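**Student:** Have a look at this one.
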There are 2 protein chains.
Amino acid sequence: MANEKFGPVRVGLLGIGTVGGGTFEVLRRNQDEIRRRAGRSILITKVADLNVARAQEIVGPGVQVVADAREVVNDPDIDVVIELIGGYGIAREMVLAAIENGKHVVTANKALLAVHGSEIFLAASRKGVMVAFEAAVAGGIPIIKALREGLTANRIEWIAGIINGTTNFILSEMRDKGLPFDQVLKEAQRLGYAEADPTFDIEGIDAAHKITILSAIAFGVPVQFDRAHVEGITALQGEDIRYAEQLGYRIKLLGITRLRADAAGRPFGIELRVHPTLIPARRLIASVEGAMNAVWVKGDAVGHTMYYGKGAGAEPTASAVVADLVDVSRMLTSDPENRVPHLAFQAEAMSDLPILPVERIETAYYLRLRVSDEPGVLADITRILADERISIDAVLQREPAEGENQTDIILLTHRTIEQQVDAAIARIEALPTVLSKAIRIRLEELV
Amino acid sequence: MANEKFGPVRVGLLGIGTVGGGTFEVLRRNQDEIRRRAGRSILITKVADLNVARAQEIVGPGVQVVADAREVVNDPDIDVVIELIGGYGIAREMVLAAIENGKHVVTANKALLAVHGSEIFLAASRKGVMVAFEAAVAGGIPIIKALREGLTANRIEWIAGIINGTTNFILSEMRDKGLPFDQVLKEAQRLGYAEADPTFDIEGIDAAHKITILSAIAFGVPVQFDRAHVEGITALQGEDIRYAEQLGYRIKLLGITRLRADAAGRPFGIELRVHPTLIPARRLIASVEGAMNAVWVKGDAVGHTMYYGKGAGAEPTASAVVADLVDVSRMLTSDPENRVPHLAFQAEAMSDLPILPVERIETAYYLRLRVSDEPGVLADITRILADERISIDAVLQREPAEGENQTDIILLTHRTIEQQVDAAIARIEALPTVLSKAIRIRLEELV
């Protein structure tokens, strides 16, 4: 790795639970990739966790582990503090202390920001440090960056998000299986999709924290969680899900924020609310199922855009934490070499991996063959495919029309290398029972 | 507007066609919003276009218009040049000249970058200037930023995108209406979805330019359009669309790039290809219809994420151009006050718009009422709604079961203010024929 001009960024981690462990693992596993992009190493050098022994086991002997978060936020060698403690108490205290000590902060704590954001952002601005919080909303989906930077040209009109995976999972199950709320909640708890105390999720509080943050970014107002209207899904009944369905709608728990303007277009207020919502079944967001998250944003220039992905989990959330670390790292110097590189990787850290010729690609295939309608045709074809080590996923043989003596055979293959398919097709087309060139279309499961 | 500490950024615009006009309009219309976010004004001060008279009409008397792009790229007062000329010839020459003169460049020219990107990025790196190109791929969807910054923690495994609206519109129409390619193409040309010479779109070249750029960003390889495998949709037949449907698939023109690794996980090459592709109908991306774009990205930490929106058009593309202008503007100074603000707007430019109480929100409603099965019930209810100026969108009245003398009435209202609904519900619940509390769920069309 060429560019070590800037030296490593030293990071202190407060709390190494699910997301903290994921962050440590992603930084470790993708350290080369991240250094090639950021132009410098990003190292977690100190961890605070009440369970010192377990934390030390996760991070190994090379990283210092302490029980007291104060030792991290007061350590002059630490550049950036990641706060993953959660809640409003000690987390708030530690974030403010880190800021006071001139450290940048990365946090996934939506509750803290939705309630104490104004105080925290003011303190950070005064100290000239950054507080980054991509991980606070919708896990690894870079929705904060999209809103704050990508859509910066727009007057945002509204945002509507499925931003709580637990409730979306419960609603998907209630609809698919026709089961009542209580029963599905128990199942969700058993599967780990809902916590033992699910109040924050099912009462809409978690979603309200998140939409409060998005609202502040969209409209440039202070975070005001106490002004949000919050309804959860506990009162929702199966028959309403069914009636909605009959009318062409699905019910989702949405976080919604909207700029309201008078007839002359002058804004007079902002809606900020979380509640079960009927949405047209034909909208793409209505098909967001299970524990996935999706955020719709309507901007006056861009129109409708949507951002979709996993809203929780160790590594999706870590993806956002680390992206924030890289952003903060770039701010630590104003050297042009430390900007976002044109092609994401630093110019001297580009890869020389070859673009493969099409014969070497690997994908699945749809093959359509025009054949004589006589016995043994399919057997000949499948034998050739087997010879070329191509395995078949599905076969569809059209019934020949009355009086016709030709028909179509359609085959779906499993993933294979294109040159094997080329070879098989050449042999198949040479069969006397195959009457025309094979139609070949590639197939991707996108998994 | 408080913070004018930095003075305006002066922008030169090369080419004021559809996207150029949109960019000028968005910058003008949202100038306050953009200044509140960027902390400084962004002004187009000079425009080059061969049609000087028409250009002057668009920009008005306050902006200088010239016929020769050289006058813009050589103007020492210009900080940033927007290149919207298109093509490889004069566009390449002007971009290189602007870089040579130390100007930052914003471009929407995917063809130029896919073919001459390496030369351009090298020149820019040497001069320490930025070349920003969010608008080159998927219009206003901030996919370049998502890949380059938002997903920076990930080893990207693959990207698959519907990144050409013309072909997606044609395929949607072929499938929905069962019409052949030639006929749908003519219709698309008539509607303005396809150009008079549609070659770049229907032969997959435009999509290949875009996936070439995304591939370079995802995997840190040079842009290599000449190595891409490119197939368009001209040979696609209606029966294959129908057979695919029967097998549970849809056919989309995808741009695909994938990192290939051996059994031990060591990467050995990159796939880069555009072709019609069967994808499972149940995947969200299979439902992306008409002229919309969507990009799926699979990262090792974040999992699957998707980005969706309009891929073309004056203002969606302008949204990306202006976002790049703001990004570049932030780089013109390393002052912490010019960073991306915590809540997107500069601290001193926050809004004091109130969060509205829930009684003042405006939305549509689903109402379910348990009523006696007797004549006149619905009339009583609808009269109350009319009294409160609530208009009804749909009514569903369940047939009472055999021997039952109660039933459910379900009403969907048009958009209205919540307090009117509160008032109506209070009156409806007081009717002797209404047997229980009303169930009320809010409804959003999300348009």
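Using N, Cα and C of the backbone, Cβ positions are placed for all residues, glycine too.
Below, the features straight out of TrEMBL:
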BINDING   A:Leu14, A:Gly15, A:Ile16, A:Gly17, A:Thr18, A:Val19, A:Gly20, A:Gly21  NADP(+) binding site
BINDING   A:Lys110  NADPH binding site
BINDING   A:Glu195  L-homoserine binding site
ACT_SITE  A:Lys210  active site, proton donor
DOMAIN    A:366-442  domain 'ACT'
**Student:** Which one of these binding-site residues, A:Gly15, A:Gly21, has the sparsest Cβ neighbourhood, judged by other Cβ atoms within 10 angstroms?
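**Tutor:** Counting other Cβ atoms within 10 Å of each of the binding-site residues A:Gly15, A:Gly21, the minimum falls on A:Gly21.
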**Student:** Enumerate the residues of the same chain, A:Leu14, A:Gly15, A:Ile16, A:Gly17, A:Thr18, A:Val19, A:Gly20, A:Gly21 excluded, that satisfy the criterion Cβ within 8 A of the mean position of the Cβ atoms of the recorded NADP(+) site; list them in sequence order.
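**Tutor:** Not counting the recorded site residues, we get A:Leu13, A:Gly22, A:Thr23, A:Asp49, A:Leu84.
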**Student:** Summarise the domain 'ACT' (A:366-442) as counts of helix, strand and coil residues per DSSP.
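**Tutor:** For the domain 'ACT' (A:366-442), the helix, strand and coil counts are 23 helix, 28 strand, 26 coil.
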**Student:** Averaged across the domain 'ACT' (A:366-442), what pLDDT does the model get? Just tell me the whole number, please.
**Tutor:** 95
**Student:** At the Cα level, what's the spacing in Å between A:Lys210 (active site, proton donor) and A:Leu14 (NADP(+) binding site), rounded?
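**Tutor:** About 21 Å separates the two Cα atoms.
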**Student:** What's the most sparsely packed of the binding-site residues A:Gly17, A:Gly20, counting other C-beta atoms within 10 A?
**Tutor:** A:Gly17
**Student:** What does the structure give for the C-alpha distance between A:Gly20 (NADP(+) binding site) and A:Lys110 (NADPH binding site)? Integer Å is fine.
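**Tutor:** A:Gly20 (NADP(+) binding site) to A:Lys110 (NADPH binding site), Cα-Cα distance: 15 Å.
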**Student:** Nearest to A:Lys110 (NADPH binding site) by Cα, among A:Ile16, A:Gly17, A:Thr18, A:Val19, A:Glu195 (binding-site residues)?
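**Tutor:** Nearest in space to A:Lys110 (NADPH binding site), counting only the binding-site residues, is A:Val19.
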**Student:** Just to be sure I understand the packing, how many Cβ atoms besides its own are within 10 Å of the Cβ of A:Thr18 (NADP(+) binding site)?
**Tutor:** 15
**Student:** Please classify the secondary structure at A:Val19 (NADP(+) binding site) using three-state DSSP.
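**Tutor:** Once the DSSP labels are grouped into three classes, A:Val19 (NADP(+) binding site) ends up as helix.
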**Student:** Give the number of CB atoms, excluding that of A:Ile16 (NADP(+) binding site) itself, located within 10 Å of its CB.
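**Tutor:** There are 27 such Cβ atoms around A:Ile16 (NADP(+) binding site).
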**Student:** Please work out the number of neighbouring Cβ atoms within 10 Å of the Cβ of A:Glu195 (L-homoserine binding site), leaving out its own Cβ.
**Tutor:** 13
